[in-house]
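*Asks:* The structure that follows is given in the form of structure tokens.
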Amino acid sequence: MTNIIKSFITRNTYLNKLSPSPYQFNKYYSNSISTPPTHSYEKKQQPIQNVDDKKYILTDRFNRHHTYLRISLTERCNLRCKYCMPEEGVMLSQADKILTTDEIIRLSKLFVSAGVNKIRFTGGEPLVRKDVEPLIEEVGKIKGLQKIGITTNGILLSRKLDRLHKAGVNLLNISLDTLNSDKFTLITRRLGWDRVFQSIDNALKLDNIKVKVNCVIMKGLNDMEICDFVEMTRDKSVEIRFIEYMPFDGNLWSDKKFLSYTDMIKIIHEKYPTFKKYTIEEEEPNNTSKTYHVPGFKGKVGFITSMSEHFCSSCNRLRITADGNLKVCLFGNTEVNLRDRIRDGASDQQLLEIINAAVLKKKASHAGMYEIAQNKNRPMILIGEKSKIQINFKNKSIKQKKEVKNYLLKLINSSFINSNNNNNNNNNNNNNSKLQYIQQRNYSTNKNNQNLENNEFSHITKDGKLPTMVDISDKIITKRTAHAQSILEFPSNVLSQLLNLEKNNDIDNDNNISKNKEIVSKKGPVFATSIVAGTMAVKNTSNLIPFCHPIPIESCKIEITIIDSTSVKVDCIVSMSGKTGVEMEALTGATITSLTIYDMCKALSKDIVIKETKLISKFGGKSSSPQITK
């Protein structure tokens with residue numbers, strides 16, 4: 001390893017002559033968005049002369065020393081958050097394309113040997129990976145690694161928390177965008193708010209672990225809860241981090257939804273006038289968050305200002321995607337394939353040379369937020385020899401093939417590969433020779449690119465005369481999930497009678513009805529009976545709907561919630577592994593559950609209305625739509 005380090009020092013001595021890039025505001029910054037305050041500052045990094053020699057391997061052209069590595073363990077997630085998951089779904093990598101446990105451990109050791117002292121595991125949702133606990137236990141044994149973090153949505157955290165803590169996890173970021181359980185379901189398209197909040201409370205009980213709650217603020221959706229989150233810091237030693245809404249392909253980003261951190265601070269100051277910023281000396285080095293607090297409160301409040309005031313000049317982080325690509329900038333379009341180099345038998349020295357070459361191509365800062373928002377399906381570009389361009393044209397339409405061809409021609413002639421800068425020409429050629437392949441991959445499916453030739457009624461023959469069942473014999477088996485919902489409206493006095501409120505004390509101090517309380521009619525328990533009926537209906541959907549295939553249901557979850565004194569919500573989520581979707585099963589379950597509620601309660605009133613039944617989401621198969629209704 002000593003020889004490797006010396007070779008990098010020799011090749012990179014020119015770094016001492018470079019000064020850090022000046023901080024520049026986004027030229028696309030809109031006048032309609034509040035300008036960051038003039039007293040903002042750049043966080044200082046350790047001078048390059050005082051950094052240990054090995055860190056030259058992970059030092060870029062702007063004197064930034066990368067000591068923080070984020071590793072994605074999986075592309076999968078058990079939530080479908082609107083700001084993260086495109087409406088039309090994502091194309092997951094095949095299982096054999098995902099980094100194995102041994103590969104992740106090897107890369108972790110390699111980066112730590114080159115100066116990384118902090119590793120954070122992300123996803124997708126990292127805790128859905130089956131071997132996450134033993135994997136982190138092995139990483140925790142690496143000498144020189146000081147901090148291990150996890151970013152999680154908290155759904156599965158409570159049952160894994162103790163083992164992860166013992167394995168060395170001392171940094172925990174939990175995503176929670178609302179303190180309202182119904183709004184949580186709206187944002188994530190899934191249930192589980194109570195489990196997330198329980199995970200936060202359980203984590204705060206542990207010693208030697210920092211807990212942060214990440215909250216993405218979207219104007220008109222959860223900005224009215226900002227002060228409620230700040231109030232959490234009164235009695236909890238937690239850091240609430242408000243994240244500016246960032247544009248990623250498919251998340252319908254709009255400046256109308258964007259709220260800058262300066263606007264958030266104004267909102268907080270109205271309720272907490274003493275709210276103030278920590279001094280530079282109190283801040284952690286390379287901290288991405290601008291940290292504030294209310295004097296006397298136990299916790300902190302941070303702002304991650306990636307859009308309105310970026311922190312690129314102090315960036316010290318690198319990322320490895322779940323399928324093994326090194327990404328030097330979150331918003332960059334380029335990724336370098338480490339997985340294939342490992343599987344081709346590359347030595348540690350060869351991998352370090354590739355990593356160093358990629359780091360040296362890191363730009364001074366990412367693009368402006370409007371430019372980022374306009375980048376659709378940003379491709380993965382693995383830079384290398386032109387003769388090794390690899391594109392899979394199988395099953396692509398003629399239009400797509402032309403687009404890819406034009407894209408590659410433009411790429412090959414671009415300055416990104418053939419630099420005309422005489423000062424750095426030798427260095428660029430040296431770096432490029434160490435990077436392999438060029439390929440294009442979409443991060444998500446795109447409605448504009450879908451083949452429209454198959455927009456036909458699948459249950460009618462092409463001549464339009466005879467109904468028919470769809471042939472699914474050639475389809476592949478995938479995980480299928482569908483979520484349907486029904487809303488029932490009751491006359492104002494009916495639910496009160498059924499709940500028998502005065503006897504059962506089901507009114508809280510705010511005169512709110514208990515949302516998960518069972519109601520009882522003369523026929524018996526209404527909700528329990530209706531859930532049984534809905535479950536039976538799900539299993540018999542093919543007997544009710546003529547062209548539904550008989551399928552083995554693996555999971556059926558029906559939840560009935562009292563929204564207010566006149567409304568009841570039915571959620572039916574159905575899952576299975578098969579060749580066809582389960583949306584009809586979910587809709588049937590929600591419908592029959594609602595009809596049974598009506599039947600159980602009709603003696604009190606015939607004016608109960610099944611207001612609507614709709615499909616909320618479906619996932620799996622070619623036409624995945626994590627959000628159907630808006």
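Each Cβ is built from the backbone N, Cα and C atoms, and glycine gets one as well.
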*Asks:* ARG70, THR151, LYS212, ARG317, LEU318, ARG319 bind GTP in Swiss-Prot, but which of ARG120, ARG189, ARG343 does that record place at the same site?
*Replies:* ARG120
*Asks:* Around TYR83 (S-adenosyl-L-methionine binding site), how many other CB atoms lie within 10 A of its CB?
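*Replies:* Its Cβ has 19 other Cβ atoms within 10 Å.
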*Asks:* Just name the winner among CYS77, CYS81, LEU318, CYS329 (the binding-site residues) by count of other CB atoms within 10 A of its CB.
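*Replies:* That would be LEU318, with the most Cβ atoms nearby.
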*Asks:* What three-state class does DSSP give THR151 (GTP binding site)?
*Replies:* strand
*Asks:* Just counting, how many other CB atoms are there within 10 A of the CB of ASP599 (active site, for molybdenum cofactor biosynthesis protein C activity)?
*Replies:* 16
*Asks:* What are the non-local neighbours of SER175 (S-adenosyl-L-methionine binding site), defined as same-chain residues 6+ apart in sequence with CB under 8 A from its CB?
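*Replies:* Non-local contacts for SER175 (S-adenosyl-L-methionine binding site): CYS81, THR151, THR152, ASN153, GLY154, VAL196, VAL213, ASN214, CYS215, VAL216.
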*Asks:* Give the distance between the Cα atoms of ARG120 (GTP binding site) and CYS84 ([4Fe-4S] cluster 1 binding site), rounded to the nearest whole Å.
*Replies:* 19
*Asks:* Just to be sure I understand: of ARG70, TYR83, CYS315, ARG319, CYS329, ASP599, which recorded positions have a C-alpha no more than 10 angstroms from the C-alpha of CYS77 ([4Fe-4S] cluster 1 binding site)?
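*Replies:* Checking Cα-Cα distances against CYS77 ([4Fe-4S] cluster 1 binding site), none of the recorded positions falls within 10 Å.
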